[in-house]
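Peer 1: Here's a structure for you.
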Amino acid sequence: MFLRRLSETPGPSGFEDQVRHVLIEELRPHARRMYTDALGNLFVETGPEQGGPRVMLAAHMDEVALMIVRIDDEGTLRFRAIGGIDERVLVSKAVRVGPAGLPGVIGSKAVHLQKPEERKRPIAIEDLYIDIGAKDADQASGRVHIGDYAVFATEYEQIGQGKAKGKAFDDRVGCAVLAELAKRSFQLPTTFVFTVQEEIGLRGAGPAAYRVNPDLAFVIEGTLCFDVPDARDEDSVTVQGRGPAISLLDRATIPPQSLIRWMAEVADARGIPYQWRRSGAGANDAGAIHLTRRGIPTGAISVPVRYIHSPAQIVDLSDYANTIALTEALLRDLENHPDRLDGLRLANRVYPPVAPGNGPSPGVPPHPGRPGPEPPQTSGEGREGNNTAAEEEGEKEP
C-alpha cells in the first residue's frame, strides 16, 4: 500500500527530499508535466493544459520531528522540536537520526533521581536527549552532525477493524489521496501540489499557489480526532469512521459558504459519508492558499487522525477511501458543470454606479449562479428605455 511507504519515509519540515523522491518515482508515469520550485514544492500536472476551471489540490509532505542542536560530552544528543510536538509523549520513544536512519532512544533523568516537584510536571524538551549508544562526544560526532533531524521510528501496520497505525499521517494520508487521484484521468487542468514546511507556518503553499494561479483549490489534510475514552462526542473535532471532514473554519481560514454547501451537496448526491470539522483551532495550507494573488476559493477535506503529531497515529482506512471518493466526485462534477465555479467565487464582478434617487438600490447581490429577486420598480422620469448597457446586464465578469 502506497500509504505505508509514505508513512515510513522520513521527511521533516525542511527535509522533504526523500518523500519528494518517492512521489516522483510513483507519479512520473502519470504526469503531463512534473517540476519543483526553489522551496522544494512538487508540482504534478495532469489533464489538458486548457479548458475548464484550473484546479489545485494540495497536501504537505513534511512531518513534525526533532533537530539536533548540541552533542554532550557523554555522547548524547540535545534537540529542539520541528513543528508542534507534545513533549509528554517523547520519553523512551525510538527515533531514527539523519538521512541514514541511525537508531536512537529519547531519554531523560531517571525517575528515582527526580525531585518530587519534577515528577509532577512534564519533562521540558530542553531536559530530554537522544541516546545513540555513543560513549562520548567524539564517537557521536563521527556519526551525527549538528542540524541533523530525528524522526519517530514507527512502522506502519494495519490494526483492529480496518484501521492503520503509523507515523506522519499528518499529512502523508493527504499525499496518498493526491497520489491516487493523480493516476486517474480528469478533463480539467489539474495540478497536484505536494508542499513543504506546512508544520512550521504554512510556508510552501503560498508560493505554490501563486505559481499555479488556480481558479479553485482543495487542501487534503490529516486532522484532529478526539473520539477516545473520556471525550464527549460534542467536544470531538472529528470522529473516525464517519467519513472525510469538511472544514467549517480554523484559525487561518473560513471557506466560502457556497463552496462548503457545494461540497456537501456533491457528497449527498453520491452517497459519500462525510462530517463537519468542528473546531476553530489549528490551521492548514488553505490558510496560505486562499490569500494568494487576488484570493482563491479554497476548501479543506480532512482525514481524522488519532494521536496526531505523536510517535504512533491511527487512521480509519474507510475515511481514507471516502476522502478519495469525495475529492474525485468534486472534480467529476466540475468536469460535467464547468460553470459551477461561477457560484463559488465572489471576485471579478463589476457593480455599475447608480445615481442617488434615480435608480434601484444596489442592495445585496443575488447569490452567483442563482436567480436573484426582481429589482424594485422606480418612477423616475426619463429612465425608461435609457438604461446603459452595463445597467441592463447588471453584474458581469470583467
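Including glycine, each Cβ sits where the backbone N, Cα and C put it.
No curator has checked TrEMBL annotations; they are predicted automatically.
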Peer 1: For the Zn(2+) 1 site that TrEMBL assigns to D170, E221, which of H30, H60, H337 is also named?
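Peer 2: Matched candidate out of H30, H60, H337, per TrEMBL for Zn(2+) 1 with D170, E221: H60.
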Peer 1: Which candidate from H290, H309 does TrEMBL annotate alongside D170, E199 at the Zn(2+) 2 binding site?
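Peer 2: It is H309, as the record lists it for that site.
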Peer 1: In terms of Cα spacing, which of the recorded positions H60, D170, E198, E221 are within 10 angstroms of H309 (Zn(2+) 2 binding site)?
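Peer 2: Neighbours among recorded positions, in sequence order: D170.
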Peer 1: May I ask for the distance between D170 (Zn(2+) 1 binding site) and E198 (active site, proton acceptor), taken between their Cα atoms and rounded to an integer number of Å?
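Peer 2: Checking the Cα atoms of D170 (Zn(2+) 1 binding site) and E198 (active site, proton acceptor) gives a distance of 10 Å.
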Peer 1: Residues with Cβ closer than 8 Å to the Cβ of E221 (Zn(2+) 1 binding site), same chain and 6+ apart in sequence?
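Peer 2: Looking at Cβ-Cβ distances below 8 Å from E221 (Zn(2+) 1 binding site), excluding near sequence neighbours, one finds A59, H60, D170, D171, G174, N284, D285, A300, I301, S302, V303.
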Peer 1: In sequence order, what residues of the same chain, 6+ apart, have a Cβ less than 8 Å from the Cβ of E199 (Zn(2+) 2 binding site)?
Peer 2: S13, H60, D62, E63, V64, I82, G83, G84
Peer 1: For the recorded Zn(2+) 2 site formed by D170, E199, H309, which further same-chain residues have Cβ atoms within 8 Å of the site's Cβ center?
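Peer 2: Everything else in range on the chain: E63, V64, G83, G84, A168, D171, G222, I308.
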Peer 1: What other residues of the same chain, not counting H60, D170, E221, have a CB atom within 8 A of the CB centroid of the Zn(2+) 1 site?
Peer 2: A59, D171, V173, G174, E198, E199, V219, I220, G222, T223, N284, D285
